[in-house]
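Asks: Here you go, one structure.
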Amino acid sequence: MSHNTFGHLFRVTTFGESHGVALGCVVDGCPPGLPLEAEEIQAELDRRKPGQSRFTTQRREPDQVKILSGVFADDRTGGRQLTTGTPIALMIENTDQRSKDYSEIRDSYRPGHADYTYDVKYGIRDYRGGGRSSARETAARVAAGAVARKVIPGVTIRAALVQMGPHAIDRSRWDWDAVGNNPFFCPDAERASFYETYLDGLRKDGSSVGAVIEVVAEGVPPGLGAPVYGKLDADLAAAMMSINAVKGVEIGDGFAAATLRGEDNADEMRAGNGGRPRFLANHAGGILGGISNGEPVVVRFAVKPTSSILTPRRSVTRDGAEVDLVTKGRHDPCVGIRAVPVAEAMMACVLADHYLRHRGQTAGGG
């Protein structure tokens, strides 16, 4: 299996399976001299780890990260642990696997999962928790994202769940401070209260639901990205689409832009500070022609309902026999919830990569 690496200068390779011994990543291309402690990475992992509320999988993984390489500290660094510029290897052990929960689907394909496609491509698959196709892999991405944040000075990256099923938030009540005060990473406290009742009902029915996640990067300098095949928004779309269960991505107004007239969609400008233009709107989501314009970079993506549910579903075995499946094990009733910190991590990794690429191809060396 290839294609486990993404990025050009800031490169991330992830490894591991849901029920393997461990998972992790190797970050290559991180500049030297950046302070990096395990506690900083751990803080991001703690936001994603399972078992923190009744609304996520009850698999309880501490997700303790170990930095295996790429950092150094002594009296010359003032005791601070700094990156050395060499590959940074990060490892997270799996401690709460229950592989027996999956023995009944060893030879059957779960509808909505990658079971069949992995089998038909590779001729072998790790059926325990989905193996490499499990969302457990995203823990490694979150760890890499914590490193990436060190590379992009002055950039603030935040994400939120803005819709669950058909129920969107009221954007007039958007409050970033509310995101950390409810189990859904929801910026609308009133809607978050509704989500509790809504998701409890779905859990009782043994079902699941999808979600929409919005991630915003503020402080992104103008000039990141390149025309045609190096577009910032193209790389962001690819990064978000690579997250498990994501089925659609939009930048800025996205598909809503198709409903607007040209005069409504145009991000008009007036003279701003320092000779740079001041944008009067941000329909483009901070990217024009594949290059950042200094406005907030805004990305949204749709996450499908968790395919592992208690409702009987029709399927077939590897031998072609028809079966009815009920998926056992511990699963997220809304996998979109824990996709929020993953979205931030992928935004950070893409921006870090483009930031380093930009430094090598800039007018005046800026």
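Backbone N, Cα and C define each Cβ position, glycine as well.
So Swiss-Prot says this about it:
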| type | residues | note |
| --- | --- | --- |
| BINDING | Arg48, Arg54 | NADP(+) binding site |
| BINDING | Arg132, Ser133, Ser134, Asn244, Ala245, Gly289, Lys304, Pro305, Thr306, Ser307, Ser308, Arg330 | FMN binding site |
Asks: Measuring Cα to Cα, how many angstrom lie between Arg48 (NADP(+) binding site) and Arg132 (FMN binding site)?
Replies: 18
Asks: Of the binding-site residues listed here (Ser134, Ala245, Lys304, Ser308), which is spatially closest to Arg54 (NADP(+) binding site) when Cα positions are compared?
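Replies: That would be Ser308, nearest by Cα distance.
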Asks: Among all protein chains shown, how many Cβ atoms are found within 10 Å of the Cβ of Ser308 (FMN binding site), not counting that one?
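Replies: Result for Ser308 (FMN binding site): 24 other Cβ atoms within 10 Å.
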Asks: Should Arg132 (FMN binding site) be counted as helix, strand, or coil on the basis of DSSP?
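Replies: The three-state answer is helix.
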Asks: Where does Arg48 (NADP(+) binding site) sit in DSSP terms: helix, strand, or coil?
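Replies: Note: Arg48 (NADP(+) binding site) is helical by DSSP.
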Asks: For the binding-site residues Arg48, Arg54, Arg132, Lys304, work out the Cβ neighbour count at 10 Å and name the residue with the minimum.
Replies: Arg54
Asks: Validating a neighbour-count step here. Other CB atoms within 10 A of the CB of Ala245 (FMN binding site): how many?
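Replies: Its Cβ has 19 other Cβ atoms within 10 Å.
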Asks: For the binding-site residues Ser134, Thr306, which one has its C-beta crowded by the most other C-beta atoms within 10 angstroms?
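Replies: The largest 10 Å Cβ neighbour count belongs to Thr306.
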